Amino acid sequence: MALQEQLDRFKKQQEKCQSTLTSIAKSRPSKSSLTQKTVAVAPSPSTSARTPAPAVKFSNDTERLQHINSIRKAPAGAQIKRVIDLLLETRQAFTPEQINDHCYVDMNSNKAVFDSLRNNPKVHYDGKRFSYKSKHDLKDKSQLLVLIRKFPEGIAVIDLKDAYPSVMDDLQALKAVGQIWLLSNFDSQEDIAYPNDPRMVVKVDDDLKQLFRGIELPRDMLDIEKDLQKNGMKPATNTAKRRAAAQVQGISTKQKAKKKKHEISKRTKLTNAHLPELFKNLGS
């Protein structure tokens, strides 16, 4: 009898707990955005199991906020470069607030960055907005050609490459149609753009042509390249490098020299008018 009374008491406690849980669930306001969960009551304490608590999820902006914080803690030089890259790529004028929105550099809170950009030769500041400032204010290919024609002695490509986004493509297009020349400067190893104005016709006397063609050239390409370098010109070939690579690969250069002796006689006079390639079949 005592066991039966305990079972009855336990059932009453379960019914009381169930009614309490039901009243609590009814008293809570329903939310359409939340999924409803039913509370299951185990028939006995021994079979009851607790559901694991959901994992805590951080905000989706956590990674972005960490990225912003790393940018603002970076050195001033890195922040300045970030702003200049933004101005160069967009070619638009931005206020400090807009720059902060685009690349997360807070110029209003960093006086060193603000002052450096305001005085930077690549940046134009009108008192309100910052924009990129190229060395030459050009907008299209026609203005580019007009500028190059103002420099008959040549203008460095490095001074033109940031004029506007498609300037390098326009330089190649002008070169393709023969309106300009793109040559390399031996001293600086940089490309120079020269005008090729068809209105400027240069006439050369026959005596000068004959003198030019009568100049005897060195027999060894190494000597030719050295002479070109002495006169400030960049050779199109690199014989020393080619011969060194041939030796590394086990190719004998003496065999090539023997072939040249058969093809070109010692008595053959090399001039500017006759290049070695013209004598390939001379021995046959």
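First residue shown is number 1, and so on along the chain.
From the backbone N, Cα and C atoms, a Cβ is placed for every residue, glycine too.
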From 116-145, 236-265, the residue range that TrEMBL assigns the feature region 'Disordered': 236-265
DSSP helix/strand/coil residue counts for the domain 'TFIIE beta' (64-139): 43 helix, 7 strand, 26 coil
